[in-house]
Amino acid sequence: MTTTALPTYEDAVSRYEPVIGLETHVELGTATKMFCGCRTDFGAEPNTQVCPVCLGLPGALPVANRAGIEATIRIGLALNCDIAEWCRMARKNYFYPDMPKNFQTSQYDEPLCVDGYVDVEVDGKQYRIGIERVHLEEDTGKSLHVGGATGRIHGATESLVDYNRAGIPLVEIVTKPVPGLGALAPEVAKAYVAELRDIIRSLGVSDVRMEQGSLRCDVNTSLNKPGEEWGTRTETKNVNSLRSVERAVRSEIIRQSGLLDEGTRIFQETRHFQETTGDTRPGRSKETATDYRYFPEPDLVPIAPDKAWVAELKAALPERPSSKRARLREEWGISATDMESVANAGAVELIEETIAAGASPAGARKWWMGELARRANETGVELAAVGATPAQVAALQKLVDEGKLNDKLARQVLEGVVAGEGDPAAVMNARGLGVVSDTGALTKAVDDAIAANPDIAAKVRDGKVAAAGALVGAVMKTTRGQADAKTVRDLILERLGAS
Amino acid sequence: MSDLTKMSAAQLAKAIAAKEASAVEVATAHLDRIDAVDERVHAFLHVDREGALAAAADVDAGKRTGPLAGVPVAVKDVIATKGVPTTAASKILEGWRPPYDATIVERLRAAGTVMLGKTNMDEFAMGSSTEYSAYGPTNNPWDLGRIPGGSGGGSAAAVAAYEAPLAIGTDTGGSIRQPGAVTGTVGAKPTYGGTSRYGLIAFSSSLDTPGPCARTVEDAALLHSVIAGHDVRDSTSIPQPVPDVVGAARRGAGGDLSGVKLGVVKEFAGDGSEPGVLSAFHESLEALVKLGAEVVEVSCPHFQYALPAYYLIAPSEASSNLARFDGVRYGLRTGDDGSRSLEEVMSLTRDAGFGPEVKRRIILGTYALSSGYYDAYYGQAQKVRTLITRDFEAAWKSVDVLVSPTTPFVAFPFGSRTSDPYQMYLADLFTIPTNLYGGPAISVPCGLSEGLPVGFQVMAPTMADDRMYRVAAALESAVGTLTPPTLEATA
């Protein structure tokens with residue numbers, strides 16, 4: 001590595017033009033694997049979701065899962081791709097212990113979807129990212145190295161392999177090289193992955209969780225001087241958060257520009273992103289390029305999607321998340337920044353459903369982005385899994401609107417709902433949390449308060465109506481917050497002849 | 001040798017159904033025959049005496065029924081049998097017991113057959129002489145110093161030596177038909193996709209086809225009808241009804257072939273077949289003409305490129321199919337003493353586990369698929385394959401079936417061709433075009449040359465398996481079946 005100081009990012013992008021490209025892997029959420037009937041549940045005991053086919057036992061044969069093909073076509077259509085009328089799976093041959101057959105069933109020169117695009121917005125400006133191809137393949141198993149201090153293969157005494165993941169359908173989305181982004185290349189890369197994630201989530205074909213590896217990203221970066229040919233690219237692997245996509249591109253631009261400034265050649269290599277430092281490190285260097293010896297998979301018949309079926313899938317595509325967000329923002333009357341935080345929290349659909357169940361946009365947003373988002377953060381679960389349904393949140397808001405709950409009591413009811421005690425009305429009744437607005441029941445509390453605070457009562461009688469607040473507070477205290485404040489106030493003024 | 005072992009499968013099925021013989025008696029007779037002769041023939045790698053007797057007892061108790069209830073069958077060791085050792089005659093799978101049955105084995109059980117054991121073969125079905133078995137060769141019952149054909153030499157020899165009335169083989173380039181020809185038995189390769197490959201340890205996925213070995217055409221058809229049919233676990237399996245091969249064989253046995261056009265491939269004439277083979281073939285043609293058939297010369301100009309195309313496609317697919325045998329998950333593992341890297345252990349395991357012919361083909365296939373060579377070799381071979389398919393399709397416009405000798409020469413002595421792989425590969429010269437095309441073909445004994453059996457091949461359009469059985473049965477009715485010398489006499 002060089003001893004001279006690295007240039008600043010601003011310096012780097014003032015002298016060089018970056019070209020980026022992204023390869024994104026998405027694990028599909030099909031119930032069964034791509035080429036056999038094994039289940040795909042996340043987190044199952046190792047090697048409990050395997051069979052002769054996904055273990056690649058001698059004689060076992062793959063049969064394609066129609067749901068995987070359908071999901072891939074839907075992704076392709078959502079990314080504005082052309083769908084192949086006829087294509088084949090191919091074998092990608094290489095030896096690795098977590099790959100049971102020592103070849104991966106994938107696609108090579110005949111991908112299912114080609115030539116699409118995704119539009120993203122950064123700083124109010126639109127950028128079009130070209131999609132080269134979307135293809136289908138199978139995931140590999142996972143190696144676990146035990147006995148060493150680091151969990152890495154180095155120093156381990158044993159290596160174990162879990163094949164539960166082997167054969168889960170994986171979709172690879174490859175962009176065309178994207179030039180002309182200048183200093184914004186890192187932001188556009190991040191916005192692209194975010195947009196891709198939202199689109200795929202809207203299709204319901206994957207849970208696209210980067211932290212669980214169901215969406216994985218490789219980032220290609222190269223630099224060239226203005227007017228010159230594109231430079232040699234490096235491929236940064238294992239980028240597993242949106243923020244890291246941005247950081248990986250940025251640090252690679254800085255690193256490469258430093259080398260180019262010195263006149264050092266950039267080597268085409270695989271690099272690994274370091275979450276802790278934010279920079280990239282070289283992967284295992286290979287003297288020669290791997291030869292995967294691709295050829296058409298003879299165990300599977302070609303895929304020829306029926307035109308009518310593809311048209312049907314296209315017609316049934318959901319609204320694009322970006323336009324949906326724009327539309328909802330309008331309908332809900334919130335700012336772009338607020339909408340962004342709603343989207344980031346994964347709350348768009350939840351709020352939408354809550355509104356559909358009868359809540360006002362403001363009410364729905366208040367619960368999901370306030371109390372429930374806080375709980376989700378604290379417990380580290382997705383908002384959708386926090387324990388309350390849109391219907392329950394709508395019912396809660398309705399109780400508030402009807403005056404049966406005040407804000408404070410509503411929070412307590414929501415706590416019960418999240419704890420699984422039932423719907424809001426049931427929790428309210430079981431916990432005895434309803435607002436008491438029955439004048440008969442409140443009269444005694446009011447009379448007690450007046451009796452206990454003769455000075456204040458006198459002031460109110462004298463016409464200092466504002467002083468009644470203290471008496472209201474006293475009543476609220478004795479009723480543990482369950483009294484309806486307005487009813488109490490009216491009652492006090494009535495009893496003191498000040499109304 | 002008891003009469004039970006001399007009976008055909010059809011006769012045995014009838015006798016057992018009529019309670020004239022018990023399934024246990026039949027199984028015992030064949031197991032005893034194996035005990036008596038297999039030391040010399042070495043057709044079996046594993047005999048499942050217990051399993052066979054238990055299955056036979058279930059037939060006698062009425063717990064297992066089916067069209068072939070109680071009829072013994074031997075299965076080529078490349079086909080997975082649950083709990084029963086399956087090695088593909090390779091050291092790398094020594095002692096491996098599959099946790100599942102191949103689809104055709106399930107169908108054999110459903111038909112009531114009694115599985116006697118697993119038969120010897122060239123390692124991973126690569127070879128034409130069964131000399132490449134890691135467990136030693138099989139000897140031809142006609143002459144124990146000669147090869148029984150390959151790769152299904154064990155299945156053919158088991159049938160020829162009366163150790164089993166029926167056997168299952170697999171045909172990638174002729175591995176059912178060529179052993180059938182040199183052992184004087186009937187061997188049929190069904191239409192590709194007509195029989196399921198699920199559970200068949202893959203050699204070349206786009207060519208491998210399981211099929212029947214028997215002593216009569218009717219028996220082969222019976223076994224064929226039991227194992228054929230669509231299988232959802234094999235994506236290349238054809239979702240169509242099985243042609244009525246048994247009916248066709250019985251019709252053909254009636255001896256009338258009027259109106260049937262036989263195509264003789266012009267390009268096969270100059271390929272140096274032994275004179276005895278050629279004269280047996282021509283005598284057979286005359287016999288078929290007497291039954292009313294018409295003989296037409298047909299040109300298939302691309303058949304001459306079938307052999308080189310095959311020896312690029314099959315090894316290419318094999319190099320990938322055999323990659324899974326790496327010592328990581330099952331089978332042999334060599335050199336894992338804690339001092340070696342993963343790559344070294346894989347390499348040592350594969351070096352120790354694979355025999356010379358398998359290594360030769362893995363290297364050839366790896367080379368042919370390499371970037372920079374793909375277009376010149378594998379890609380070109382696929383184009384040739386398309387041209388050969390067109391030759392067949394053009395032929396069907398003028399003839400009903402194509403006929404040829406099955407092999408250019410009779411069983412050769414051990415070791416006479418192993419030093420020159422190309423000479424060995426010529427054994428499959430006439431059988432390979434059909435594999436590249438995918439249609440069905442059968443070999444029927446048609447006479448002797450120098451005291452050794454000669455096979456007659458009938459090739460038909462895809463899914464016209466019935467047509468091929470009809471012609472084969474007619475020929476059998478005209479020339480008769482061959483009777484191998486009893487091994488007692490040669491002992």
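The backbone N, Cα and C atoms fix where each Cβ goes, and this holds for glycine too.
As the structure is a computational prediction, the values presented were derived from the model and not from experiment.
Taken from TrEMBL, the feature domain 'Amidase' covers B:25-467. The annotation active site, charge relay system is assigned in TrEMBL to B:LYS76, B:SER151. Residues or ranges marked as active site, acyl-ester intermediate by TrEMBL: B:SER175.
Taken residue by residue with DSSP, B:SER151 (active site, charge relay system) is part of neither helix nor strand, so it is coil.
Note on the domain 'Amidase' (B:25-467): mean pLDDT across this stretch is 97. Of the recorded residues, B:SER175 (active site, acyl-ester intermediate) and B:SER151 (active site, charge relay system) place their C-alpha atoms 5 Å from one another. Around B:SER151 (active site, charge relay system), taking its Cβ as the centre, 36 other Cβ atoms fall within 10 Å, counting all chains. Under DSSP, B:LYS76 (active site, charge relay system) is assigned to a strand (E or B) in the three-state scheme.
Per-site Cβ counts within 10 Å over the active-site residues B:LYS76, B:SER175 peak at B:SER175. B:LYS76 (active site, charge relay system) and B:SER151 (active site, charge relay system) have their C-alpha atoms 9 Å apart, to the nearest angstrom.
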